[in-house]
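**Student:** The structure under discussion is supplied below as structure tokens; questions concerning it will follow.
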Amino acid sequence: MQISSLSPPEIVAVLPAAGNGSRMQNDRPKQYLTIGNDATGHKTILEHTIDALLRHSRVQRVVVVISPDDTFFHTLAIANDPRICAVTGGKLRADSVLAGLAVVADSAWALVHDAARPCLHQDDLTRLLAIVEQSDVGGILAAPVRDTMKRSTDGFIDRTVERNDLWHALTPQLFPAALLKQCLQRALQDGVAVTDEASALEYCGYRPQIISGRSDNIKVTRPEDLALAEFYLTRLQ
């Protein structure tokens, strides 16, 4: 559906960063681990992620959703940037995103991005943001599945899954703030597991658009991801 507007809507990024990243086996949440080199800058993963968002002229603000017991965010230089604010999140990702949306105008579009996904390419972001001019539902970055996919229930292969129509959901995911808020609230109220923002819209009957994104837009989840993220960051410079 084509939508028209006298002026482009505000784009506000929401970063759920309240998780503890236990799989990293570190003394701090993964988003506060430092990566980079002289070319990219020695910064936390969160800082690299925020830099990638604010580098784009269409992204006006970033809302970082942190844990109630977070002791790291306010020690970072970015905490003093007037374009960035921090709010307290909840136990579930959906709770944290809703906390971020509470400070986003309903007329804005919410660009939800994983705090530990620092290798976002500007071309991908530009193509995703173009959805604002074409849709009233929104969409996500995703990468086509290239590996052979197996289904297993007990450690043994049950069958091979057809991969032609399978996509790896990435972030950012972009939706009208009011619509995303409504869908997240309904999904939570109904006890539906929300693994990403698009799944909340799907539950409410919407079909977000898929924008093919780069596979190097990785999420840092395990210790071995750190070196790969540093490599990809260097290539983005």
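Just so it is clear, glycine is given a Cβ too, placed from its N, Cα and C backbone atoms.
According to Swiss-Prot, the protein carries these features:
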SITE      Arg23  site 'Transition state stabilizer'
SITE      Lys30  site 'Transition state stabilizer'
SITE      Arg163  site 'Positions MEP for the nucleophilic attack'
SITE      Lys219  site 'Positions MEP for the nucleophilic attack'
**Student:** Once near-sequence residues are set aside, which residues in the chain of Lys219 (site 'Positions MEP for the nucleophilic attack'), 6 or more away, have Cβ atoms under 8 Å from its Cβ?
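**Tutor:** Sequence-distant Cβ neighbours: Asp114, Ala116, Arg117, Thr171, Asp225.
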**Student:** Taking the Cβ of Lys30 (site 'Transition state stabilizer') as centre, how many other Cβ atoms lie within 10 Å?
**Tutor:** 26
**Student:** Round to a whole number and give the Cα-to-Cα distance in Å for the pair Arg163 (site 'Positions MEP for the nucleophilic attack') and Lys30 (site 'Transition state stabilizer').
**Tutor:** 31
**Student:** Validating a neighbour-count step here. Other CB atoms within 10 A of the CB of Arg163 (site 'Positions MEP for the nucleophilic attack'): how many?
**Tutor:** 13
